[in-house]
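Down below is the structure, laid out as structure tokens.
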Amino acid sequence: MAGPVRCLPPVVEATSIPHAPPVISKEVSEIVNNMLSVAIPAAAAASAQDQRFASQFRCGPEFTTMKAQALEACRKILAENDQGGYTIPAKGLYPYQWNWDSALVSLGLAEMEEERAWEELDRLMSAQWEDGMVPHIVFHKPSSTYFPGPEIWGSPDKPRNTTGITQPPVAAISVRRLLEEAKDKALALAMARKLFPKLLAWHRWFYRARDPEGTGLVATIHPWETGMDNSPAWDEALARVPIDDIPPYVRRDLGHVDAKMRPQKAEYDRYLTLLYRFRALDYDEAKLYYETPFRVTDLCTNCILHKANEDLLWLAGATGACTDESEIRGWTARANVAFDTLFDVEAGLYRCKDQLTGQFLPAATSAGFLPLFAGVASGEKASAVARTLGRWLDDVAYGIPSCDPRDPQFEALRYWRGPVWLIVNWMVSEGLKRYGYGELAQRVERDSYELVKNGGIFEYYCPLTGMGAGGGCFSWTAAMCLAWLFKT
């Protein structure tokens, strides 16, 4: 298909917001656009009932054609975003290695080349600090397209050229899956044994630095640590952070993506206020915990950590790398009890908490479904969560929105305030199947398929129109297609 280089479908909704196209090769652009040119007429020909609720959507000829084209596009996207041992999320917008992005991307890379998938994880863990923390960004190469860079973070030699905060610890989850599905068992076992001590040290850091009181749930001290940066869950807690007299700055993200899809200035001012305060404390873990004006119990971080602990325990047995499993079992036992304190009976959903007030944070977000992924919900609570999810899906054209669509803070295109993210859909789908809600999981998978088919390979998607938004030719979306959506 002729046309400009893009990852957008050739026809978009009238409500779409134009933004700068991603910098991609002509080859990738043509593959993506060919994929979309086949998909859109096929989607139009199908009934809405067939599109969204067919229980065997992976069995038809349309899916077979779409699968071949999508997999080719996704492989090429990951190849183009490969910087030689690590993968960037998207060119320009995110030019470095992000923590949970790389862990999730490794799942897609494993469908292409196992050795490269292990290299992704190994490169990430090589940035681990002396205290066990794994930073949320590793600045491997200089770049002028992102702010704040390494000169702002000023991280000490632990090593240098990283940020001073972390992200949800997906890595152990990825290591287990790579080992379980490995074709090269010798390589996989050797790499799992190499990475196990680093994973264990990271998890120990979480409980030492972020749960010094032994509650069973860890704290996050910056919205960027949650991975869900501008979630409405943080509005109330973040608003109490006084904006310091921070140096003037220029946001680079707005040169790549429309401002209506990104966090607002008042949020960025507070993000940077926290950053400069943490730097002034020399990233001392005790001072950060007790002196930060923002400290929350984030469901995403805690659910992923719990699932990662479950997988770390499995890895201990599979690799023989840990002879005493009692420490890990203690973490999971305490968390299993503590998660009950995050369930909101009236909402039928789990909620994040403000650790400085002890109160629930008011916004209902997609993180509230992740206790199913972690396996910490009772049957009764899981049933309530499934009912709530069904209502959310009924309220939008495509799920899962990152915020309750009935919430006044819902914004369909603004980052984590409404858009659909395939990584969340994958985790929730896995959780639903874990609890026996296969039909609801199939519905989430079907919506995810429709989004990719009609919207391209984007960072996230509008839940009302299906339009791709944020960064284009996005690595973890491509990885989810390879490792989940089109993996049959």
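Even glycines carry a Cβ here, placed using N, Cα and C.
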Swiss-Prot annotation, substrate site containing TYR94, TRP98, ASN99, TRP100, ASP101, TYR146, GLN167, ARG262, TYR415, TRP416 - matching residue among GLY60, GLY227, GLY390: GLY227
Cα separation, GLU459 (active site, proton acceptor) to TRP416 (substrate binding site) (Å, whole number): 11
Site with most surrounding Cβ atoms, counting all protein chains shown within 10 Å, from the recorded positions ASP101, ASP229, GLU459: ASP101
Rounded to the nearest Å - Cα separation of GLU459 (active site, proton acceptor) and TYR94 (substrate binding site): 11
Alpha-carbon distance [ASP229 (active site, proton donor); ARG262 (substrate binding site)] in Å: 10
Among TYR94, TRP416, the most crowded of the binding-site residues [Cβ within 10 Å]: TRP416
